[in-house]
């Protein structure tokens, strides 16, 4: 029973990081109908910037703030200088669907190459903002550590902040209106292009947080966030791809499931396990666990 509880708590911590990447993907999907595979590259570059600041100052939280700022600037820049131009030329037909996805994959490769040239390909580690030693209860030490708890609390605070922004502010109303009915939003006076860029910026900042928290508990390399992107995307699909709440629920389900697979089955099946969870959920709920109806067409 104790091992089950330990596995559940660690899975909750892992799923919390997946949730951030999943939210970043959902934000972009809702505003542009594009699966942004470059999100891993944006998060990686912003994490390297945060890593540099945290390493030089020995203050993790300062590095986190720089990662958020860098991620937001990268996200806004990708939309403003790249995606807007792309959508002007690919307005209909297969190109409108395929070109943006291929473009984000190209951006991922470009950013990864830049990171490799500047920082090299070796693994890097960062001083964790909390102890990685497990909690001691009586004479028993459990694998769940203060760092795991800190990750859960940090992600929870960010989710609350995002919920307030989207539900209680004019910006949030504009973001939601632009996502679900861009034509009507334009008629209502909302500058949908600018609002979409803000959405990309928020997604980039959230991705920066995901990268820093992932690095605090693992390591950093030009490829270290690839799995985070894959599992974040799986979580988003499980949640319905349209719902931020669904993406969080999907991420927590996935994180807990994969941790149980890791502890009770084996490391080699973790990656496959993610897709098994996805297939099982889609067989039961093809539109995702939080889908309220058929997704709107672009």
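Glycine is treated like the rest: Cβ placed from N, Cα and C.
It is 147-166, from the ranges 147-166, 167-186, that TrEMBL records as transmembrane segment. If you look at the transmembrane segment (147-166), the same-chain residues 6 or more away from its ends with a CB under 8 A from one of its CBs are 9-10, 12-13, 16-17, 19-20, 23, 128-132, 172, 175-176, 202, 206, 209, 213, 216-217, 244, 248. Sequence-distant neighbours of the transmembrane segment (7-29) (same chain, 6+ residues past either end, Cβ-Cβ under 8 Å): 35-36, 39, 43, 143-144, 148-149, 151-152, 155-156, 158-159, 162, 199-200, 202-204, 206-207, 209-210, 213-214, 217, 228-229, 231-233, 235-236, 239, 241-244, 247-248, 250-260, 263-264.
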